[in-house]
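> Features from TrEMBL:
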type: TRANSMEM; residues: 32-51; note: transmembrane segment
type: TRANSMEM; residues: 71-88; note: transmembrane segment
type: TRANSMEM; residues: 100-119; note: transmembrane segment
type: TRANSMEM; residues: 131-148; note: transmembrane segment
type: TRANSMEM; residues: 168-184; note: transmembrane segment
type: REGION; residues: 267-287; note: region 'Disordered'
type: DOMAIN; residues: 319-601; note: domain 'ABC transmembrane type-1'
type: TRANSMEM; residues: 354-374; note: transmembrane segment
type: TRANSMEM; residues: 433-452; note: transmembrane segment
type: TRANSMEM; residues: 458-478; note: transmembrane segment
type: TRANSMEM; residues: 535-562; note: transmembrane segment
type: DOMAIN; residues: 633-857; note: domain 'ABC transporter'
type: REGION; residues: 917-947; note: region 'Disordered'
type: COMPBIAS; residues: 922-931; note: compositional bias 'Basic residues'
type: COMPBIAS; residues: 932-947; note: compositional bias 'Basic and acidic residues'
type: DOMAIN; residues: 978-1263; note: domain 'ABC transmembrane type-1'
type: TRANSMEM; residues: 1023-1046; note: transmembrane segment
type: TRANSMEM; residues: 1087-1107; note: transmembrane segment
type: TRANSMEM; residues: 1113-1136; note: transmembrane segment
type: DOMAIN; residues: 1300-1534; note: domain 'ABC transporter'
Amino acid sequence: MKHLCGNLTFWDSNFTKHTNLPDLPACFQLSVLPWTPCIFLWLTSPFYILYLKMSNRGYIMMSILNRIKTVLGLILWIVCWTDLFYTFHEMNQNQLKPPVYFITPLVLGMSMLLATFLIQFERLKGVQSSGVLFIFWTLSVLCAIVPFRSKIMNASQAENDKLRFTTFYIYFSLTLLQLILSCFNEKPPHFSTVVTDPNVCPETTAGFISKMTFWWFTSMAIKGYKSPLENKDLWSLNKDDSSGLVVPNLLNEWEMEKSKAQSEQSVKNQAAFRKTGPGAEPNHVSVSPEEEVLLSKQKEARQPSFLRALLRAFGPYFLIGSAFKLLQDLITFVNPQLLRMLINFTKQSQAPSWWGFSLAFLMFGASLLQTLILHQHFQYCFVTGMRLRTGIIGAIYRKSLVITNEAKRSSTVGEVVNLMSVDAQSFMDLTTFLNMLWSAPLQIMLALFFLWQNLGPSVLAGVAVMVLMIPFNAFIAMKTRTYQVEQMKYKDQRIKLMNEILNGIKVLKLYAWETSFKEKILQIRQKELNVLRKTAYLSALSTMAWISAPFLVALTTFAVFVSVDKNNILDAEKAFVSLSLFNILRFPLNMLPQVISSIVQASVSLKRIQDFLSHDELDPESVDRRNTSEYAVSVVNGKFSWAKQDQATLDNINVMVPQGSLLAVVGHVGCGKTSLVCALLGEMERMEGQISIRGSVAYVPQQAWIQNATLRDNILFGRPYVEQKYRCVLEACALTPDLEVLPGGDQTEIGEKGINLSGGQRQRVSLARALYSESDVYLLDDPLSAVDAHVAKHIFDNVIGPEGALKGKTRILVTHGISFLPQVDNILVMVDGRVSEMGSYQQLLKENGAFAEFLRNYSLEDIIEDEDITDLLVEEEEEEFPEDALSNHADMVDNEPVVNEARRHFMRQMSIMSIDPENPKKMSRRRRCSERKHPESPTEKKDPKVDKLIQAETTETGRVKLKVYWEYAKAVGPLLSLFICFLYGCQSATSIGANFWLSEWTNDALNNSMKTTSTRVGVSTRVGVYAALGLSQSVLVMFSSFTLALGKIQAARKLHETLLDNKFHTPQSFFDTTPIGRIINRFSKDIYVIDELLPSTVLMFLGTFFASLSTMIVIIFSTPIFALVTVPLALIYFFVQRFYVATSRQLKRLESVSRSPIYSHFSETITGTSVIRAYGRNSAFVLSSDMKVDENQKSYYPGIVSNRWLGVRIEFIGNCIVLFAAVFAVIRKESLSAGLVGLSVSYALQVTMSLNWMVRMTSDLESNIVAVERVKEYSETPTEAPWIVKDRQPPPDWPPKGNVEFVDYSVRYREGLDLVLRNISLEVRGGEKIGIVGRTGAGKSSMTLCLFRLLEAADGHIVIDEVKISEIGLHDLRSKLTIIPQEPVLFSGTLRMNLDPFEKYSDEEVWKVLELSHLKKFVSNQSSKLDLECSEGGENLSVGQRQLVCLARALLRKTRILVLDEATAAVDLETDDLIQSTIRTQFEDCTVFTIAHRLNTIMDYTRVLVLDKGKIAEFDTPTNLLAQKGIFYGMAKDAGLV
């Protein structure tokens, strides 16, 4: 120092500390102070310049601000170097100056040049506000304040150095100016999105200070406080967080990782092959069995690691957050040191007070810095987490579009959705405290180091307690983990079952099976709650450990400290500094086990995700699309299976389809027709053979796949809208009349799975989609099965047939309809997965093989007659059809009659038209045809307001009502709730007591320095009381946690039970208008919140509330003047909290509403992958999914930031509390004991945490209590009639005869809709067979629903055997009727359960009905017989087999009245005959109602009921009706029966 400073003093403590006017020595002012900012700038700038080079955001135009900054920088450089040259000048004058006079101006000048360079470089790289420079200028100004003050104090001596005096003041004012200027922002860079985006996130343009304090978020907080936020208020997502950048980035890394793993693999395999010896051939053939084993082992050697891909994609950004964390950890330990100085200061009576104040402000500064840095770290971590989630969801979605069917089978839709929601979430949660992995050990080491300095070896006692706590906590964490897995298992089971129940709720109602399924759910729920109870008890123990650990540590340490050595005296300084260090220790020690368990959880998730992403993909090359032969479709020696290891489903397939021909594929149920179509699409594993298809493909699956979008979007399927073509397509698919009836025309929104379309309409929409796509090859999988006979004929003639819209295209049609076969070019007959014969209709008849046999069973005469009639019909048809089409009020009415003006208007027209007396029919037809020729443009036709079928999910806005809290308290139990609060109060009281006792104890040290003997006694008492108070606290904690656990289980059980009960009692109309996802959401997400999140939130809230309260009490007790400050602080706190809660709650709501579309779109995609792939729409769907994820992140991101915004503000209040507690302690130094100062300041240092968590918990509580509100809302939906009416129960053998009578009966679907059936009166005697026919939408299905009271009468009543059905309980009624529904619904479980869920019948009876329903052969071939597992929705049985299972159900119930609802649609004619004959023989003496599509099935029925527009048009025996030549005759003629 001597060399540097010459004769100037560098440091002198008399000059600085022990004086009332402190100042720093001259040399210190000249060296250390100016060098500090320069060192900072030179250290950071290399990294900063590198970072700027990497990230380029476009450049910024020179602005006035920029020019001023640059000019000031240059002036500063000149000013500094003026000093330098002046020193040289003095040298010339022989006035020798110490070296410091040369070095400092030189360094300063260089730094100013660097700063000026940075100002310009940042401008070119598009940085609007610079953090590095801001910190540099701040440091410069801070370091210049001391010289500034001392120069003023010593102004009188400055006479001899006027120049330096002047330059310093210029320097000071310029740096101050630069600091002020650096608070302002530059304009956004050129060509940035900021300029174009209307709703850009202000973060992009925010300044450095604004970013550090999250000030830019304030605008949203204010907006959210004034009025609830809506979607349009949200900022657009930052470019770097959007799916468009994040997902490809991750996928690239993953692809690299996979190719790396493969290349390593191949190297190993080559090595393995080389070993096989010189004689061996180079291929597999000669590999011996042992080597096979070896090879298979090596196959498993290295799987590509998804973790590496994640690290490479997201690691670098995350590391910035880690750097902040490191800084924050170091700053944390400054405050205990300052506290020690402060306590020391209060002990010394003669210390100058400025020292105390500066300590107080230093504490404040350190806390402030820590706050800012910590929240920056969190911001980086959370954003990383957010990107992780985006990336994982994107990767899974993209994968799910290309995985094989085998892979798809290994994970159900629910499981994959879980990967997206649960597993991606667990990753996201992990990122937030992943840094604790290294930060916790670091903090522990530092804390121990300082403690050792403070208390010496006695610390080890305390540490020992902590270390013992770790296995205890770890054990609890492990157990909790196993319980969680178990609980997840039950939860998955429950949700899966619930999902199926809701999907088949109509069937459950029709069969009156609700109680059986409700029992099943409640059993699973009971297991779930048992696990939950165990978890709750464990968490109570861990809470106790967490709260009492710091106390136990302090107790053992202090006890050991005072008893080891007589001279060890516990004074305030030692006690409270140690306490604050122990408090710092507590956090990392508790986080470690949590982080580790989180990592375990994430690793499980990682494994699941990695397995899914490593599934086999469909081979895009399995179907050769570059086909150039004359055949459009050819399969040579094809052998296909659904999974690699299965036996082949299709074997030895050879098919050639010439360009432009129509090939029909026929065969029995389950013979592999659909599999053939799938093989052509490349959906199956190709074991051998070749497939080639020329050109693009359109595919119509057997069960139509309908998106949740408008009708038009479903048909266009991403192709541009061409009015002319679109109209023709609708016309050909007979959809025009349906549009008349749909409420919004083709803009009607179709519900999930096409819920508001009937089966026939769905199939026709699916067909229209294919027709509109104008592909080269059409694969039609039985599209005609679900539609009425006359519609089928129309579609065949206008679309598929030789004269249809598709003529000249190659068509492959799977069909059961025999009447169309004569018109096709070739017929392919499938038998048991092989092609039995193939040829034209005539050839096959001549060959007299399987096909001829197949036909012979189905009256040949019909068909030949049909041939002759067809030609006649064609001309008539042209004119006939328009009329039919118009009365064809869409199958819509069956499900969802939403009637609008257009239709009423139309009816009126109809009645006017048919007035012409001479020939009403002709007249009206002419009128109508001309109307049809000029279709009104869809815009006119549409009503101004389209009734949306599915109402948007409402989000509650505004504050949660107190009523909801009361609901939850009621569910817990009101007395129990009060008791819990009381326990928490007691626990806080004991904690305060213990600490006050400690502060008294430390004062002994001062008082007892005179007397030596009597102190020993005191010590043991002190330790004893301290221990008693502390232990009673931990007992209370445990006690309160236990009671809370009991309460939460009770509440969870109650709320779930009422919800479940209500949902089983809800009428069918509710399920038609509410998407299943929304109901499932209540059962999964909201119940999960009530089970797990809500109770822990309540626990945390009570804990933090009482902690904050006790801090205030302690500080006010020791320094009463503090009470003055509490009021303004409390006000600020309250405001910040209200702003935050209002905004954050709404953001959470928006986030959860925007989350469900991601998953529903995803599950929709998974069910429709084959269609999406066939049409080649993958990328469009991927894009759509990305949009949905971004939409969700758009509301999630402000949510994260709102937490940071809050954190900074609340911690600022906490820091103010520290400041005031310290300042008041300094002011009242005379009257305060050191113990009390230590107590109040150490309490103040802890308060920040509690305050912060309290607001967070208030808000979490508000957002989680919403779950109670949502569950409540769905537990109170109106219910249907009671299941059993006690005093009106019919006799057990009712109905004895099966007479059914409708008396003046009318019905509508829902309030406010038109009647579907109008004033129907008819009488059916027991044992009659009634066929019900009518055009689509005449009300056929509605009639059956009325019998089961799924629809309640609007007028009139139905009587069955002298009992009015409206008076008895629903179960009494439904269990006495049987229905074979239109769509066969199976539940996952055994076949036996599907036939007989109540286990009423014996195995013999079950086998008997299987025999009657022709399933016996199939079932007895299965290894598990009756316990054959049906998969979700019965996917592992063919549609025909499912229909037969429904028949078996009916046979098993064998009631007096049977209803068949177009049950024969999906079955080939042979099976159809089997069903019909079974029904004729088995239900001979029953009353049967059949809704028929194929008229030949009801030609021998007792009577036929013809419905038209909800009224009875004709009702008589079939022969009489044919003689009448009315509607029935017309229909029979269409079907070729007359």
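In case you wondered, yes, glycine gets a Cβ from its N, Cα and C as well.
Where the annotation comes from TrEMBL, it is an automatic prediction and has not been curated.
Where in this structure would I find these features, and how exposed are they?
With a threshold of 8 Å between CB atoms, the same-chain residues lying at least 6 positions outside the transmembrane segment (71-88) that come near it are 97, 101-102, 104-106, 108-109, 112-113, 115-116, 119, 163-164, 167, 170-171, 174-175, 177-178, 181.
The list of residues near the transmembrane segment (100-119) in space but at least 6 beyond its ends in sequence, with Cβ under 8 angstroms from a Cβ of it, reads 4-6, 8, 27, 30-31, 34-35, 37-38, 41-42, 45, 48-49, 66, 69-70, 73-74, 76-77, 80-81, 83-84, 87, 130, 132-133, 136.
A Cβ distance under 8 Å defines the sequence-distant neighbours of the transmembrane segment (168-184), meaning residues of its chain 6+ beyond its ends; these are 65, 68-69, 72-73, 75-76, 79-80, 129-130, 133-134, 137-138, 140-141, 144, 147-148, 151, 207-209.
Residues of the same chain lying 6 or more positions beyond the ends of the transmembrane segment (354-374) and with a Cβ under 8 Å from any Cβ of it are 17, 20, 22, 212-213, 324-325, 327-328, 331-332, 334-335, 338-339, 341-342, 345-346, 1207-1208, 1211-1212, 1214-1216, 1218-1219, 1222-1223, 1225-1226, 1229, 1241, 1245, 1248.
Within its own chain, the transmembrane segment (458-478) is flanked in space by residues 448, 451-452, 538-539, 541-542, 545, 549, 552-554, 556-557, 559-561, 564, 568, 582, 585, 589-590, 592-594, 596-597, which lie at least six positions past its ends and keep a Cβ under 8 Å from the stretch.
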> Looking at the stretches 433-452, 535-562, 1087-1107, which one shares the most CB pairs under 8 Å with the transmembrane segment (1023-1046)?
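Counting Cβ pairs under 8 Å, the winner is 535-562.
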> Within the same chain, where does the transmembrane segment (1113-1136) have neighbours whose Cβ lies under 8 angstroms from its own Cβ atoms, ignoring anything closer than 6 residues to its ends? I mean 6 or more beyond.
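Same-chain residues near the transmembrane segment (1113-1136) but 6 or more away: 992, 995-996, 1206, 1209-1210, 1213, 1216-1217, 1220-1221, 1224-1225, 1227-1228, 1232, 1236-1237, 1239-1240, 1243-1244, 1251, 1255.
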> At a C-beta cut-off of under 8 Å, are there same-chain residues at least 6 beyond the transmembrane segment (535-562) that contact it? List them, or none.
455-456, 458-459, 461-466, 469, 472-473, 476-477, 479-480, 483-484, 487, 568-570, 574-575, 578-579, 582-583, 585-586, 589-590, 991, 994, 998, 1019, 1023, 1026-1027, 1030-1031, 1033-1034, 1037-1038, 1041-1042, 1044-1045, 1048-1049, 1095-1096, 1099, 1103
> If you average pLDDT over the domain 'ABC transporter' (633-857), what do you get?
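PLDDT averaged over the stretch: 86.
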